[in-house]
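> This is the structure, below, for whatever I ask next.
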Amino acid sequence: MKVLTTALLLVTLQCSHALSPTNCDASKPLAEKVLDLINKGRRSGYTFQLLRVSDAHLDRVETATIYYLVLDVVESDCWVLSTKAQDECLPAMRTSEVVIGQCKVIATRYSNESQDLSVNGYNCTMRSVSSAYINTKDSPVLVDSFEDSEPYRKLARKALDKYKAENGDFASFRVERAERVIRMRGGERTSYFIEFSVRNCSTQHFPRHPPVFGLCRVVLTYSTEASDLETPEYTDLICEVFNTEDLKNRSDMKPHRGHEHPHCDKHLCKLSGPRDHHHTHKTHEIGCPPPPEGKDNSDRPPLQEGALPQMLPGHSGPSGTNRSHRPPHNHSCNEHPCHGQHPHGHHPHGQHPHGHHPHGQHPHGHHPHGQHPHGHHPHGQHPHGHHPHGHHPHGDHPHGHHPHGHDFLDYGPCDPPSNSQELKGQYHRGHGPPHGHSRKRGPGKGLFPFHQRQIGYVYRLPPLNVGEVLTPPEANFPIFSLPNCNRPPQPEIRPFPQTASKSCPGKFEGKFPQVSNFFEHTPPK
C-alpha cells in the first residue's frame, strides 16, 4: 500500500509540474507567428488577427519548448487563399463585419529560429458579433449576419453570370460557395453584402500561370418593400483572382513575382457600365516553391506553410476531456516516411481499420454525406451517442456544429460542382470526395507546404446575441505526431491546461475594444 501511495504521489507531482504558466503579453510575439502559420495553412474563410493572448503555458522538454496557448482573434478582410501580405490585411473596418473567435493551440519550438516553430494542433470557434454589437433599440440600421450562407449562393451565381456576360475573360469562372452574408436594413433601403469564392473551370489552354480561383464581393441593394431578392435595384461586384503560382509563393524565403491577370493591371480596374459596377483585382506575393507534392488540409487549418509536424486526426473521449498520448514506441523516419503509407495501422486519410473513415473512401456503404446504412454515421451523431471504439474521427464538435465548409481544393479547378454533394456537408470540413469520385486532385494538387494531415479545425457558430459570450473551443488534438525527418522525435504532448496563468489574459488590442466583453476572460488587472 505504501509503495502504491508513493507511486501515485510521484505521478501527481510529475503532472502538477508538467506545464509552467507564463506571461501572456510576453508570449504575444510568438503567438503572432503561430497564428500566421495557422492562417497560411487554412483553405477557406478569412485570416485571423490576434486581439489578445488569453492564456499561455509552456513545457520544456530537452531542446524543445512546447507552448499551450489560448488566443483571442478577429477575422480580417483577407481571404485565406489571398496572396496579400499579412500587414496588408486589415481587421473589419465596420462593426457589421466583426467576427471574433478563440483558438486553443499547441505549438513547438526547437530553437529561437522562426523556421523551427511548428503547430501541433488547434481548435477555433468563431462567431459574428454584428447583431449583438449594433442592433440596439435606438439603432437606425439593423444588421443581420447569416451563419447559413448557402441560400444566398444563387444570388451570387446570378451576379457572377451577369458579369460574365459582359466580360468574356471571366466566362470560365463559377461560384464555389458563399463565404459571408450580411444584411443591412435602414431607411428606405435594404442591402445584402455577399462574399463568395470562385474558381476557374475551363479546360482550355491557358498561359503558364492562369488565374485559378478568387474571392468576389457583391452588394445587392433593394427598396425596403422588395420581396424578390433576384431583382436588385443596384449591383456592385468586385473580384480578386489568384493563380497557382501565387499559392506556391506564400512564404518569404525566395522572391518571385506573380503574374498579372491578362485584362487587369495590379490595381482595381473597372470592367462594366455605370449601373452594375464590376472590378477585378490582382494581387502579388513573393515566396518560395512548395515541398514535395502532397495533400492539403482543410480549415484546417489545416495548416499551410512552415515546418509543421505531420499529425494524425485527433481521437477524443467524451466532451471536455483531453486525450494526448505519447506514441507507443519510437517512430523513426525509416519506419514512417514523411510522405506515403503509414504502417502500424495508422491511416490518416486512406482506408481506416475497424470502421474509421474520417477521410477518403467509405467502404461497406459508408457515404461521406447524407444517410448512412446500418446505422453507421462516420461524421455525425452515432446511435446511442457512441462512437466506434470510443473515438470520434474528428474530435468533439461544440453544440453539434462541425467545421465550416469543405476544402476549397478538394476539387480540381475544372471539376464540375456536384449539386447533391458539394454543399450538403457545409459545416463539416474534411469530408472525403462524393461517393464514386476518386481522391485524385486536379491542377491544384500539392500547392501548399503545410503538412498533409489535418491538425486543426475552425467551427463557425451562430451569431452572438446581447449578453452572450463566445463559446470556448474544445482542446481535442491529434493523438500523436509522426516524425519530421529534419528534426528530432516529437516530444510528448500533455493535456491542455485547465487553469489559467496568473499573468493572463494579456492586453486587448483592437479597433473595437467593446468586443472584449464577448470573451469569457475579464480584462487584466
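Just so you know, the numbers here start at 1 and follow the chain as drawn.
The backbone N, Cα and C atoms fix where each Cβ goes, glycine too.
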> Could you tell me which of C89, C124 is bonded to C103 by a disulfide, according to Swiss-Prot?
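Checking Swiss-Prot, the candidate bonded to C103 through a disulfide is C124.
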> Swiss-Prot annotates one residue of S324, S438 as phosphoserine; which residue is it?
S438
> Tell me which residue from N249, N322 Swiss-Prot records as N-linked glycosylation site.
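Cross-referencing N249, N322 with Swiss-Prot, N-linked glycosylation site lands on N322.
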> Of these disulfide-bonded residues, C24, C78, C89, C216, C504, which scores lowest on Cβ atoms within 10 Å?
C89
> Summarise the domain 'Cystatin 1' (19-122) by DSSP state, stating how many residues are helix, strand and coil.
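For that range the per-state counts are 23 helix, 52 strand, 29 coil.
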> Given the recorded positions C24, S145, N200, C201, C504, state which is nearest to C216 (disulfide bond) when distance is taken between Cα atoms.
N200
> Check the Cα-Cα distances from C201 (disulfide bond) to the recorded positions C24, C89, N123, S145, C504 and tell me which is shortest.
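Comparing Cα positions, the candidate nearest C201 (disulfide bond) turns out to be C89.
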> List which of the recorded positions C24, C103, N123, C124, S145, C504 have their Cα within 10 Å of the Cα of C89 (disulfide bond), in sequence order.
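Of everything listed, nothing lies within 10 Å of C89 (disulfide bond) (Cα to Cα).
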> Roughly how many Å separate the Cα of N200 (N-linked glycosylation site) from that of C239 (disulfide bond), to the nearest whole number?
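The separation of the Cα atoms works out to 13 Å.
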